[in-house]
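What TrEMBL lists as domain 'SSD' is 55-221. The transmembrane segment annotation in TrEMBL covers 56-74, 94-117, 124-147, 167-185, 192-221, 292-313, 504-523, 529-552, 559-581, 601-620, 632-655.
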Amino acid sequence: MLYHLKFSPDNTSFVSGLWEMELQRRLMEYPEDRHIRFTFFHSMSLSNEISRNADTLAPLFIIAVVFLMLFSVLCNMRLVPGTLYVDWVLSKPTLAMLGVLNAGMGALTSVGFLCFIGVTYTQIIGVMPFICLSVGVNNMFILVGALQATNRAHPVEERMSEAASEAAVAITITMLTDMLSYGVGCYTAPNAVLLFCIYSGVAVTITFFYQVSFFLGLLAVSARLEESGRHCMLFFKTVSTEDYKSQSIFVKLFMLGSRPHPDSHHQKMNQPDTTMIVFFRDVFAPFLMQPIVKGVVIVWIFIYLAIATYGCINVRLGLKPMNLLVADSYARPHYAALEDYFWKYGSQLQIIVNNAPDLRDPKERANIKAMVHAFASTPHSIGDDGVQFWMDEVTYFYQHEYNTSLLDPAAYHMIEHFMELPEYETWSEDISWETDVEIGPDDVRRIKAFRFLIGLREFAETTQQMETTTMMRNLAEEYPQYNVTTFMPLWLFIDQYMQVLPNVIQDIYLAIATMIMIALLLIPQPLCALWVALAIISIDVGVIGYMTLWGVNLDAISMINLVISIGFSVDFSAHVTYGYVVSNEDNPTDRVRMALSELGWPVVQGGVSTLLGMCMLATVDAYMIVTFFKTVVLVITIGLLHALVFLPVLLSMFIRGFCLFGNDKSLSLSTLSLPKMMKKRKVKPSPIVLAPMLGNIEYPSNLLQDRYSHSARSFLEPAHLATVRSVPPSHMRYFDWPAVPASHATRSVHHASRL
């Protein structure tokens, strides 16, 4: 049963809205009847029920912040070596919590700013803060890790300078890749995707500026506390860990703090390796580089792509209206009933003639009737019996009441008379008359536009709906003189079905082209740009294929996540690829070890923080929100799989050369200091003997026998230094080499000669 309400003018629309809400209240309070089951739906049902999705997200965002704070605190706690006691100087729990709040500030600022300047806010944007929070926390890990990797014996200013320079590239890559991926999403047709990308892109940018200003200041304060040996949370002086055995249990639990070694070259105390660095360098990477493991990974890649391709072939398109609603919405049963019973036979399509002909002309009236018959005779139309056309009613009325037909000169007057009769006044809503200003010189008020309705059949499935839409629009184009348009409420969703696949393909093309440009700029090995592009394609194919197998359609919601996946895939892949390419090791296995030792744990932290930020969405019983959760899980899981397993194996097999723009054999002391290089390779400083004369630099035999000695040798072969030769350990005079540029090399050699 259909009840038509008036929504014009505004005061009538307001009253109609109140009537709808009162009807909803009474129907929902109607006692359950075992003989009658009814559903209902009104003009505000969809918008009101969609807003319930956003209402459930606000408390979940707070819970997500708490989860990320706990994870961040755990990741930033450091223990006293060999004990289970916390090192309250090196630990950074307060800084971690403020880092999470910093990311939340970026999300909230972006929403407030864009709403202030008038950018439309839609319900789906409520998911954006979860993603922004996760990305911001990832950058926080990078900044804190960069500070912890510096030498504690150096002044705070020097440590902050080094940490900022090290982390700047990583967080800038993250910001740029995310910004560009959202920029690609802005070229898509669905307005929901466009708005989401605008809000997300602005949020990522604002969060980045907060991190390089507000959070970097907090990082400097934390470094000051560490320098003075103060408690990271309570700010008082801690007790040195060297004397912990004689302290009380209270002091051991809450007041211990390590101190840096006065000698800045004492790396074990001043730049200790974390457990995860050791794991990725000495356990995971060597295992991954075993020949049999490489073979298993290659087979795994083919299986992964085969399953993903199968999913892509069977992808389901479209976002059904029912999926926009929460599970307990009163409108879901109504949509289910429409799909089960009425969309198969009986749905109505409105056809509007925007440029009505002169209906006093019998030929034009015949043409209009022929057009109506054409619309009623398509494979998806019920036929002439399903047509509701006011002209048929007018003709029937005059034939049966007055035994006459429409008189050509008086056609408009006869139609107007018919519409004024009380029993037929409902048909007047299907006609738009000329206004007084628009009346022509003949002083006859004409019909300038009108509509008619036809019934549809075989309209339940997505493919049938798209076929019907295309068919009706093509038929309307055959009557350009009438400017015919077609409409039904479901058209809004069918248009999205038809646009989503071309837009996804367009996004992937643009993303690959854009990210290849970034890869070429940031990775000094052009061939690696190809592998980054292949990683993007593989990740997107995997996300589309596996989300289909997980019951997720390719629609506007999942398309947003594909845009996100572009940024994440480049972020993960570019970091690992860059780490591999810039490594100074000749052996691909050693390159993988060094790349994963530096980047494996940060990549895992970023992925886990994103999953924690999104995990609360799984508790919302709504397709739209759960789709976000599922696709983000796939994006992060597949992205981590590529970054930590697939890419290292493929790079070690196919990228064996050095960077195109300079390699370790051409670098000198002017580009990299030896301690920094050796620190990155995790090589303990070995003593070097310098002959007491300018130009002779001698290595100990044990250093040259070390498998990393080729790197050390190459960095001590600038043109102005003379011979390098091996000498027995008994002839050595020792010193720890300083980090100096090439311009100071001679002065450093003279200094060593005076020892």
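In case you wondered, yes, glycine gets a Cβ from its N, Cα and C as well.
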So what pLDDT does the domain 'SSD' (55-221) average out to? 85
Quick test of the contact rule: Cβ under 8 Å, at least six residues beyond the ends. What residues does that give for the transmembrane segment (56-74)? 93, 96-97, 99-101, 104, 126-127, 129-130, 133-134, 137, 140-141, 326, 608-609, 612-617, 619-620, 622, 625
So, does the transmembrane segment (94-117) come close enough to the transmembrane segment (601-620) to give 3+ Cβ pairs below 8 Å, pairs being at least 6 apart in sequence? no
Count the CB pairs under 8 A between the transmembrane segment (94-117) and each of 124-147, 167-185, 504-523, 529-552, then give me the winner. 124-147
Same-chain residues at least 6 beyond the ends of the transmembrane segment (124-147) with CB under 8 Å of its CB atoms are 53-54, 57-58, 61, 64-65, 68, 72, 75-76, 92, 95-96, 99-100, 102-104, 106-108, 110-111, 159-160, 162-164, 166-167, 170-171, 174-175, 178, 192, 195-196, 199-200, 203-204, 207-208, 211, 215-216, 219, 222-223, 556-557, 560, 564, 602, 605-606, 609-614, 616-617, 624-625, 628, 632
I need to check the long-range neighbours of the transmembrane segment (529-552): which residues 6 or more away from its ends have a CB within less than 8 Å of a CB in the stretch? 304-305, 307-312, 314-316, 504, 508, 511-512, 515-516, 519-520, 523, 558, 561-562, 565-566, 568-570, 573-574, 577, 627, 630-631, 634-635, 638-639, 642, 646-647, 650-651, 654-655
